[in-house]
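Q: My structure is below; once you've seen it, I'll send some questions.
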Amino acid sequence: MSGPLLPGATLGVMGGGQLGRMFVHAAQALGYSTAVLDADADSPAGRVSHHHVRTGYLDETGLRDLAQAAQAITTEFENVPAQALRTLAAQRPVHPSADAVAVAQDRTQEKAHFTRCGVPVAPHAVIETPEQLAAVRADLLPGILKTARLGYDGKGQARVDSPQALAAAWDRMQRVPCVLEKLLPLAFECSVVVARGVDGAMVNLPVQRNLHRDGILAVTEVGAGVVPDDVAQRAVEATRAVAQGIGYVGVLCVEFFVLHDGALVVNEMAPRPHNSGHWSIDGADVSQFELQVRTLAGLPLVQPRQHSAAVMLNLLGDLWFTHGSEREPAWADVLALPGAHLHLYGKAEARPGRKMGHLTCTAAHLADARATARRACEVLGLEGF
Ligand code: ATP
Ligand code: MG
């Protein structure tokens, strides 16, 4: 690229989900036009974009139309086939690269990359053959069997506590390549969002503390003291090493487990903005989506400044149902809370477990942001934290 792509240009994104929608919003705020490729005519990002190419990810006509409309292209969905990104990269700058996305798409490759970068992973075994299944060490149980590819939000995972349960779970997963991870006793979980430019410059958001329920992110807290300083420092260093080690360009999130002795174990990475970074729209002066726009356009990266403590609550489709009947959550009551910022993704149909939106509660102090978020939980009928 000769220089940055300046506002007025068109930025493209593969995938029309909520992450694409928030990317589109950030790009448009900076004066860019946008193009989204997603087969769904009613996708969250497609609905708000200037251009919407309605084809599958591997459709040649669709990819050509996207490359014609957009001067640079990113992705919002890590399971976009790497081949589609390669096809686009022959015509336009694509960030992150197909190679980086391909590593993040495969837990086995991803773990090998973390190890190369000197970042510890959970004890695990790769299971691709019956021989590997039979050779699993007893000390990996109880564990979690995870499909190597295409998992998200806890899908494609099974907890297993015996060799028999492991074999049965692998059968249920149709014997696709898997990773068995030892179940670790977690003190808590955290994540770091980093942005890396074409010139290698890196900036990051502060460390985020995450609470998962049923394998899905439920709550993220960001503010003084949520994570001990030394853990935070190691998490940021590890995240930067992971981005640097793969020559990454774009926004990357690395998720960590923190054990009771303070040891840090990397869980996985997402080659895109992450649910745990959504708070940055309302709690920082540069959001993770603006960082994605800046890295894609080749604009300068500045270190984001967190101006408010923040607590983010995910709003899953379950909220739309009580005792089997459908209802609209009490949005007006939530919006009456000072510091509550509501984001809904415009999805027509609520389903249990489906990410429909999020609510970020901000305040000068974390205790106040927490108090607002707890109040919001009561108002909405969400489980507290
Ligand atoms: P997502 O893409 O939404 O982050 P995922 O489907 O990729 O989810 P993981 O991140 O692998 O799933 O796991 C989801 C959650 O399950 C983790 O955040 C953690 O709470 C729990 N978990 C996963 N692996 C382990 C482990 N080895 N030990 C203890 N808990 C685990
Ligand atoms: Mg995860």
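Glycine residues also receive a Cβ, built from the backbone N, Cα and C atoms like all the rest.
Curation plays no part in TrEMBL annotations; they are all automatic predictions.
Okay, these came from TrEMBL:
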- Arg107, Lys146, 151-157, 181-184, Glu189, His212, 267-268: ATP binding site (BINDING)
- 111-297: domain 'ATP-grasp' (DOMAIN)
Q: For ligand 1, pick out the binding-site residues Arg107, Glu181, Asn267 that have a CB under 6 angstroms away from one of its atoms.
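A: Only Glu181, Asn267 meet the Cβ criterion.
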Q: Which state, by DSSP, holds Lys155 (ATP binding site): helix, strand or coil?
A: coil
Q: Which one is it: of the binding-site residues Arg107, Lys155, which Cβ has the fewest other Cβ atoms within 10 Å in this structure?
A: Lys155
Q: Please determine which of the binding-site residues listed here (Glu181, Leu184, Asn267) has the lowest count of neighbouring CB atoms within 10 Å.
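A: Comparing Cβ neighbour counts within 10 Å for the binding-site residues Glu181, Leu184, Asn267 gives Leu184.
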